[in-house]
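Notes follow the structure.
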């Protein structure tokens, strides 16, 4: 294996850093407090739907990045990018609706649980993506992928148990922690549906990944921005963290931002990081490998956990380490990371003239991706 170039190291670092900033900045915003429009007592910035709008704005910016890259490529004497394919943009509407729903649920859940548990529990997407790909795409999972799904379930149980035992050290009630964890797992079902829809209806049109992310971001940004209006009047009950107790009070959010500019900095970090994270992830897949992208995505969980401990957002619990290791093992099994290691063993090396297609097929069966 050839050593990485400086550009590849930069892309890997960019993906790891921006992926970590994406979750940490969202959690930072949740923990900041400022007075709202009434100017009275400060309250926490709990505006998950407005934060989701910001995330889609970051995804939407990937569309601008795509056209900038396309224009730059066309100026070369030998362009490397294929010209954009004609497609119906409405193909991206169903995946965008799934993305919008799943992202909103996850931002609501982030208010209720720790940043590290939030990131770890997102690994549940492997379970539902695998099962839905079998049911609706006719995919056949190999033994290692089924083992990866079972291992992931075990890891989720351990992380959930760590949250229950650690809830007394957190600022959240036990009921909030349980609800938040369940919402994250529920959101992964929706994210898995999004992936299946993209694979069944979108990928066959050979749309550039940045163009696909940007188009979904456009739909999500426009639709959720419009939905902020009725959310201003709909009672939110226990899911609401604003003084008016509605689903989303965007005016209160803007008043808090005006009174405490640090909130705007946290939101800007979230918006810009999601844009750079998508660009870096796509570039890592192209320049290095999809396996490296998966490993880096797993490593950002460690970064988020370490930073959360360092700033005092959560207390140390050994079960979280065990849960993360189990989840990492499940992801490795599902994505075929064990196969290169097994291939190096003397008794697993193929003899001359033997067929090695099964190794390639198992690795290529992965449908897991970033959300």
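Each Cβ is built from the backbone N, Cα and C atoms, and glycine gets one as well.
Source: prediction; values computed, not measured.
Taken from TrEMBL, the feature signal peptide covers 1-19. Residues annotated as transmembrane segment in TrEMBL: 50-70, 90-109, 121-139, 146-165, 177-197, 218-240, 260-282, 294-313.
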For the transmembrane segment (218-240), the distant same-chain contacts (Cβ-Cβ under 8 Å, at least six residues beyond its ends) come to 46, 49-50, 52-53, 56-57, 59-60, 63, 92-93, 96-97, 99-100, 103-104, 108, 246-251
With pairs 6 or more apart in sequence, are the transmembrane segment (121-139) and the transmembrane segment (294-313) linked by at least 3 Cβ pairs under 8 Å?
no
With the greatest number of Cβ pairs under 8 Å to the transmembrane segment (90-109), the stretch among 146-165, 177-197, 260-282, 294-313 is 177-197
